Amino acid sequence: TSHKSYRPLTVLTFRINYYLSGGFHPMSFHVTNILLHGGISVLMLDVFSVLLGGLQYTSRGRRLNLAPRSSLLAALLFATHPVHTECVAGVVGRADLLGALFFLLSFLGYCKAFRETGNKEGTHSTFWVLLSILLGAVAMLCKEQGITVLGLNAIFDILVIGKLNVLEMVQKVLHKDKSLENIRMLRNGGLLFRMTLLALGGAGVLYVRWKIMGTGPPAFTEVDNPASFADSVLVRAINYNYYYSLHAWLLLCPWWLCFDWSMGCIPLIKSAGDWRVTAPAALWLGLIGLICRALCSADRHRRRILTLSLGFLIIPFLPASNLFFRVGFVVAERVLYLPSAGYCMLLTFGFGALSKHTKKKKWIAAVILGILFINVLRCVIRSGEWRNEEQLFRSALSVCPLNAKVHYNVGKNLADRGNQTAAIRYYREAVRLNPKYVHAMNNLGNILKERNELQEAEELLSLAVQIQPDFAAAWMNLGIVQNSLKRFEAAEQSYRTAIKHRRKYPDCYYNLGRLYADLNRHVDALNAWRNATVLKPEHSLAWNNMIILLDNTGNLAQAEAVGREALELIPNDHSLMFSLANVLGKSQKYKESEALFLKAIKAHPNAASYHGNLAVLYHRWGHLDLAKKHYEISLQLDPTASGTKENYGLLRRKLEQMQKKDV
């Protein structure tokens, strides 16, 4: 219902983590991610051995690793690449990890289709081909890009199994060669059959997903992906290509990493005079050069490696390319998890080619070790930044100072820690960078409301709901401000609008109840609070207000019934124990009231009112020494409590009179 992400298997693993750890305890979530990345890195060793060394089996069906050192280096480069930190350290990266795991298993399964045939022309195991398609479907149920493994399998089959020479075929077409040699090869090799299976399998999986998700496009906003909302096709094309070059730069130099690249982080390129157009030009020059080398090289080994590297680099990235549908980001490090394997292959191949043409092999080894060391160091630094919100958000300020969301998150973190003055500064900057940032306006309005700067708070919240009329939270907060300004009719209307846009909104019902209580509309207040507790049975404040209102209006029996009902649902809430204890005390159920007071004090021993009201109970009950003790404790905790002082004075005079009478 949001951005068309249907990832049931990823969600299932989160549910398993939640169940096994007994709640939202992050340790097991993170350990799972680390284990997945470790397992994928080990699998990469097998994948790279096939991609770099070719696919050959012994007579016993055991696959040969013809490039052990190259595949190990590529796997190490993959395992330590800093761009993967987001997928591993961020819990939501589980989707990319699981998708990659089944992507690789699908590819290796496809390779096994030729295990028992010895690569004889026209022979394969249909079981393994079908299993590979099934694993591709599983990968897609973890993350959408998992389905692209079928495309990689097809390219691998054509180039490695079918030994198709693309350049030779193009030349024959250009020269109008009537030879049907290639067609016969496709038929005899069983390639057409396997391509048909892959195509039908992919189409079937996509059809099932389409039936589940429907045909509507994902719902994204302009701030998520501004280029996709540009009117000019040329502007869109230039910016998309610029985004590709930024992703490529993150693979080459993963030093500037950021948890979010949206909200103005990367301004749009609107003219050819912008110097940034050189980045996509450089990217395409590099890609075209690699493609030419892949197609035109006389060395079949080089052709295979370069083509498969480019396939691994480009094919898994296609769903994130904006070519087929709009995506909800500008740059995202997580989408590079699988494409980085192609980059690691190219880098490994480059080092291999360089070592063949130079005698200074120790220098090359030193450079490789240096790259691995720098990668590990950057991973450690970046993982440290992911350890808590403050470090993560502040690390983004130097990378994306124009990103309103970064300033918003820093401000929210400061507000959560009680530093409202600094939070206001960051919220104001977020609104300055993005004048339509309604969430920043809402949070800033909330802080200003708490600081009693009600006029500005009302202006901000009114602007937020004007920009986004269905923003229920802003409507509710606007109602709270209007209530504080004694504009009760406007406040009621704001609360009603919030509930209209979010039917299940217990906090809004709670605040509406407070408004009705201020207006002495007691029945309406009770109904509103009852709605809040129906929607959210653990809404302690709503329960408490019902008990207190019924108590204050003399409905002790009803107040007691509501209090008992509330404690059944929230048995450990000390504030409910306190409110019900007060009601029971007034009903002269002293023993039960005392037990609840003592239980509340045990849960919250430093609450002066708890001791003060228990003292009042003992005072009424005739346990004057206990009353004196708790009055004194209450006054120690809150010396300014006038009611407690007055009651304590009455008790002391009564005790003095009793002493005189005894004398």
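Note: Cβ is positioned from N, Cα and C throughout, glycine not excepted.
Keep in mind that TrEMBL annotations are predicted by a computer and have not been checked by a curator.
According to TrEMBL, the feature domain 'DUF1736' maps to 216-287. Averaged across the domain 'DUF1736' (216-287), pLDDT for the predicted model comes to 89.
TrEMBL lists 404-437 (among others) with the feature repeat 'TPR'. Note on the repeat 'TPR' (404-437): residues 223, 258, 260, 262-265, 389-390, 393-394, 396-397, 443-444, 447-448, 450-451, 467 of its chain, located 6 or more positions outside it, place their CB under 8 angstroms from a CB of the stretch.
Note on the repeat 'TPR' (438-471): residues 404, 407-408, 411-412, 415, 420, 423-424, 427-428, 430-431, 477-478, 480-482, 484-485, 497, 501 of its chain, located 6 or more positions outside it, place their CB under 8 angstroms from a CB of the stretch. Among the features that TrEMBL reports, repeat 'TPR' is placed at 438-471 (among others).
What TrEMBL records for 472-505 (among others) is repeat 'TPR'. Remark: secondary structure over the repeat 'TPR' (472-505) totals 27 helix, 0 strand, 7 coil, with classes taken from DSSP.
For 506-539 (among others), the entry in TrEMBL reads repeat 'TPR'.
Long-range contacts of the repeat 'TPR' (608-641) within its own chain (CB-CB distance under 8 A, at least 6 residues past either end) are made by residues 574, 578, 581-582, 585, 590, 593-594, 597-598, 600-601, 647-648, 650-652, 654-655, 658. According to TrEMBL, the feature repeat 'TPR' maps to 608-641 (among others).
Note on the transmembrane segment (34-54): residues 63-68, 70-72, 74-75, 78-79, 84, 87-88, 94, 97-98, 100-101, 104-105, 107-108, 111, 160, 301, 304-305, 308-309, 312, 341, 344-345, 348-349 of its chain, located 6 or more positions outside it, place their CB under 8 angstroms from a CB of the stretch. Look at TrEMBL and you will find 34-54 (among others) tagged as transmembrane segment.
Residues of the same chain lying 6 or more positions beyond the ends of the transmembrane segment (91-111) and with a Cβ under 8 Å from any Cβ of it are 5, 7, 9-10, 13-14, 26, 29-30, 32-33, 36-37, 39-40, 43-44, 46-47, 50, 55, 63, 128-129, 131-133, 135-136, 138-140, 142-146, 148-150, 152-153, 156-157, 316, 334-335, 337-338. Per TrEMBL, the feature transmembrane segment maps to 91-111 (among others).
Same-chain neighbours of the transmembrane segment (123-141): 6-10, 98-103, 105-107, 109-110, 112-117, 147, 149-150, 153, 161, 190, 194, 197-198, 201-202, 205, 209, counting only residues six or more beyond its ends whose CB sits under 8 Å from a CB of the stretch. Look at TrEMBL and you will find 123-141 (among others) tagged as transmembrane segment.
Counting same-chain residues at least six beyond the ends of the transmembrane segment (147-170), those with a Cβ under 8 angstroms from any Cβ of the stretch are 54-55, 102-103, 106-107, 110-111, 114, 119, 124, 132-133, 135-137, 139-140, 182, 185-186, 189, 191, 194-195, 198, 201-202, 205-206, 295-296, 300, 303-304, 307-308, 311-312, 315-316, 318-319. Per TrEMBL, the feature transmembrane segment maps to 147-170 (among others).
For 191-210 (among others), the entry in TrEMBL reads transmembrane segment. Nonlocal intrachain contacts for the transmembrane segment (191-210), taken as residues 6+ away from its ends with a CB within less than 8 angstroms of a stretch CB, comprise 6, 113, 124, 126, 129-130, 133, 136-137, 140, 147, 150-151, 153-154, 157-158, 161-162, 185.
According to TrEMBL, the transmembrane segment annotation covers 277-296 (among others).
The annotation transmembrane segment is assigned in TrEMBL to 308-329 (among others).
What TrEMBL lists as transmembrane segment is 335-354 (among others). Beyond the ends of the transmembrane segment (335-354), by six or more residues, the same chain brings 44, 47-48, 51-52, 70, 73-75, 77-78, 81, 83-84, 87, 93, 96-97, 99-100, 103, 145, 247, 250-252, 290, 305-306, 308-314, 316-317, 320, 329, 364, 367-368 to within a C-beta distance below 8 angstroms of the stretch.
Under the heading transmembrane segment, TrEMBL lists 363-384 (among others).
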